[in-house]
């Protein structure tokens with residue numbers, strides 16, 4: 001048999017190389033799992049960045065003007081790029097290590113299989129030679145024993161006198177044959193022995209060493225390849241470090257770019273209302289008897305209010321109004337654009353042709369109208385002018401209560417404080433100007449293209465540009481009308497906003513005019529509601545106005561009637577279907593008790609009980625110097 005130590009080493013090498021292949025497969029799985037972790041981490045980072053990205057709504061756009069919000073947005077974008085670098089790591093690990101090792105692992109298995117196949121073949125060949133040698137050796141041994149037995153038989157026959165000469169000769173010949181066979185077996189055994197020794201020497205000194213050398217080279221290549229892969233594993237991370245560093249630098253720069261003072265100034269600019277600050281509250285000395293005279297510009301009479309019983313003062317909530325019907329008339333008076341007159345008269349700019357009877361007005365929050373109502377303090381020199389101003393404000397309040405209930409944002413931003421409204425209108429005008437400029441640029445470009453087509457007809461048909469030019473002209477006209485509308489609103493806001501000198505003067509005049517009002521009423525009058533939230537209900541807001549106006553004294557009946565300022569003639573028939581309006585027929589003569597304040601409505605009276613608003617475009621007004629005489 002083949003020596004055991006040789007076969008044992010061959011088996012050990014086979015086990016070791018198999019373990020090496022398994023180790024390569026193990027490292028490949030490790031890199032693959034690392035790649036999956038990188039992909040999962042990058043996905044989670046991207047999802048996190050996407051989750052906190054600002055949504056496309058007004059609130060997020062409003063936040064983008066603050067530096068800390070922009071810094072956070074920059075950090076999110078850099079974090080998204082940071083996630084991309086982890087995806088690059090995963091891709092490089094897959095392409096440079098996993099794919100390469102997977103292919104090399106198959107080649108390694110095939111090479112190892114080939115080397116051990118050659119080793120087993122050489123082993124089998126040596127074992128076959130060994131078996132032949134053993135067979136020759138046994139035959140030589142057997143033939144020698146047979147020759148010895150034949151020689152001993154011949155010697156016995158030759159010594160025996162009773163055996164014939166022929167038998168002796170036969171025994172001698174038989175012994176010679178056996179000796180010849182033994183000699184031949186010896187020669188065969190000797191030749192096979194030499195052959196086996198030669199094969200064995202070649203096997204152990206040439207064939208097996210070559211196979212072992214190939215296995216050693218294969219093992220060294222495997223180890224070297226693992227080392228290269230481990231180095232690549234580290235280099236893949238190192239390659240993305242500069243970009244990762246730039247991402248981190250971007251986050252740092254964004255954080256360093258935060259400007260607290262700028263953000264706080266943005267808040268101031270965003271919420272600056274433009275309202276006048278309230279005047280000083282007067283000191284009222286209750287230790288002395290107060291004698292107050294009723295003058296034309298005073299709002300209350302403290303003596304009369306003290307002498308009147310509480311029940312009477314509570315029963316009459318709104319001053320200067322005889323009955324509840326007139327109160328509801330004031331509350332429901334139309335503060336919306338009037339309907340357009342019939343086709344014979346051109347429509348007013350404020351008319352709405354789509355709905356001539358009940359056009360809708362942009363809605364404004366109730367809180368702003370209440371603040372506007374209580375904060376603006378016109379110079380009223382008599383109770384009659386006070387009553388007219390109160391009526392108009394109540395009408396405006398009613399209109400915007402309905403607007404608030406319907407819940408849409410007005411186009412003219414009238415729900416905002418004056419300063420904020422001015423900014424919004426200016427921003428809208430700037431946007432419209434940009435759009436107009438863009439349309440004009442397109443028009444100029446198309447005009448040049450048309451000129452080129454006219455000069456070179458082969459390049460195109462000039463008439464093909466006309467529809468687009470007509471469309472752009474319509475767009476420009478529409479945008480310009482929109483711009484003019486917003487500029488008118490802006491001019492109106494800027495006219496209403498007082499200068500700093502006027503603010504101080506009005507505050508002094510107002511304190512002088514209202515010196516006879518009680519302390520509680522003065523506090524309510526001087527402090528407009530600072531809250532601009534729309535969470536309060538319409539009923540609560542109206543009650544607040546009622547409480548403020550109840551501070552004024554109850555007036556005499558002579559102040560319940562408005563003075564006639566002229567007459568008018570109805571040019572068209574108007575059906576007053578809305579509350580606060582009055583129906584008129586064509587040719588009817590009416591009294592004018594309040595002229596158009598710029599909203600398109602005029603207040604008229606038919607008799608002592610019938611009065612209301614009609615569109616100014618439906619009547620012909622004749623104002624008189626002394627309307628009562630007429």
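Glycine residues also receive a Cβ, built from the backbone N, Cα and C atoms like all the rest.
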Annotated stretch (region 'Disordered', per TrEMBL) among the listed ranges 459-484, 485-510, 511-536: 511-536
Range annotated as region 'Disordered' in TrEMBL, from 216-253, 330-367, 368-405: 330-367
Contact set, same chain, for the coiled coil (422-449): CB under 8 Å, 6 or more residues outside the stretch: 269, 274, 412-413, 416, 460, 465, 468-469, 472-473, 475-476, 479-480, 482-483, 486-487, 489-490, 493-494, 497
